[in-house]
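Undergrad: One structure, as structure tokens, below. Some questions next.
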Amino acid sequence: MEKRTSCSVQTSTNCDNSLEILNSAHQATGAVQMRIKNANSHQDRQSQTKSMILTDAGKVTEPISRHRRNHSQHVLKDVIPPLEHPMVEKEGYLQKAKIADGGKKLRKNWSTSWIVLSGRKIEFYKDSKQQALPNMKTRHNVESVDLCGAHIEWAKEKSSRKSVFQITTVSGNEFLLQSDIDFLILDWFQAIKNAIDRLPKNPSCGSLELFNLQRSSSSELPSHCHIDRKEQKPEHRKSFMFRLHHSASDTSDKNRVKSRLKKFISRRPSLKTLQEKGLIKDQIFGSHLHTVCEREHSTVPWFVKQCIEAVEKRGLDVDGIYRVSGNLATIQKLRFIVNQEEKLNLDDSQWEDIHVVTGALKMFFRELSEPLFPYSFFERFVEAIKKQDSNEKIETMRSLVKRLPPPNHDTMKILFRHLTKIVAKASQNLMSTQSLGIVFGPTLLRAENESGNVAVHMVYQNQIAEFMLTEYDKIFSSEED
């Protein structure tokens, strides 16, 4: 019995030893298999490492990670080494208005923007916080301006605001930037001008294709870059990336683009042809009086007649007529409608403030490319007003008026006749001949080149307008109404 028990114990012990040996062998086998598997994985990684992309001589990109789940997660920086991000040269808040998009005029809409100047571009953000956001969807809405080939200039005539300059890009986009702080806007103007001057004047400067790829808001490769990395040979990848990197500077491509541009420019119709067909029309405001009258087949602009008629209908007895300013935004709206040659009814409720109508009329005369009193007549009218004898002064004035071009003569006559009706009701509107002379003198006549005698000229301008108004009947007495 004891011997059987001993055998059983020995057998059990042997079994346990056998199990331990088997387990050890199994573990050893598993470890070997794991090492083999790891070795295979390492070899697989080595095979992937061999298919690297050569961009520049002696430089090798990082191997493509195997931990990405699909090709869409392989971002551009895994294939193309990122270009150096240009250093931020200047940033801050300015007032911005986009007035043209691709050559198409836009309504001016001012807004405060956080502006960043870096390298060859300007970026407009809603505020400084948006610039710091890494979210691609947020940054996708950022407006960027390529300064290569752009033009910058001061634009006083584009806005009633002070210190405004304009940036025009080669793509036809136009932006106005403004600040009430003089030294700040001057600093911005000089910084942007310096950035433009550093860039080539050729719009195709630099490697545009690669530059656009880097600026793209998408984190994925372009569609033509979605290729099977296992099947593509290394030399094919190298060749593809070489073409991508150097395509913008390829001589044959440049010659082909130049040839197409030359053909396009040579076939483009002239400005005169477009104007004759009515596709391009000069604006009413800011044009030459002769041009406006010639287009309307008249010697007095239609807009001038409309304004005078409206004022005489409902504004002769309004206090401060022509002296009080109307709402500038409404005046600009009226100006826009006139320039677009849309239907205009000054009896409409939106023009019920008569000061808006008078303000628009004064703006029309003020913005003429040549004043109502032509530049060539300015000195002659000044010499006439200096004469001491009143009769001699009237005769000289009458002689000068007769020699004016028909559009200037007829428009001047209808305007001063209208102003005499304003003076006739001076007891109600409180506008004397002297007041109207001060208002219309600098508007209707000025020297072509102001040489420092601005104050002296202003005195003569007021006196000439006042004298023409006072002696209207005698100056135009020999003419039929």
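The backbone N, Cα and C atoms fix where each Cβ goes, glycine too.
Annotations for this protein, taken from Swiss-Prot, read as follows:
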DOMAIN    87-197  domain 'PH'
DOMAIN    287-476  domain 'Rho-GAP'
MOD_RES   Ser51  phosphoserine
MOD_RES   Ser111  phosphoserine
MOD_RES   Ser204  phosphoserine
MOD_RES   Ser207  phosphoserine
MOD_RES   Ser249  phosphoserine
SITE      Arg323  site 'Arginine finger'
Undergrad: Once near-sequence residues are set aside, which residues in the chain of Arg323 (site 'Arginine finger'), 6 or more away, have Cβ atoms under 8 Å from its Cβ?
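TA: In sequence order, the residues whose Cβ lies under 8 Å from that of Arg323 (site 'Arginine finger') (at least 6 apart) are Met431, Ser435, Val439.
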Undergrad: By a simple count, how many Cβ atoms lie within 10 Å of the Cβ of Ser111 (phosphoserine), its own Cβ left out?
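TA: Step by step: centre on the Cβ of Ser111 (phosphoserine), count other Cβ atoms within 10 Å, giving 10.
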Undergrad: Does DSSP put Arg323 (site 'Arginine finger') in a helix, in a strand, or in coil?
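TA: Where Arg323 (site 'Arginine finger') sits, the three-state DSSP reduction gives coil.
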Undergrad: Mean pLDDT over the domain 'Rho-GAP' (287-476): what is the value?
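TA: The answer is 92, the mean pLDDT of the model over that range.
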Undergrad: In the three-state scheme derived from DSSP, which category covers Ser111 (phosphoserine)?
TA: strand
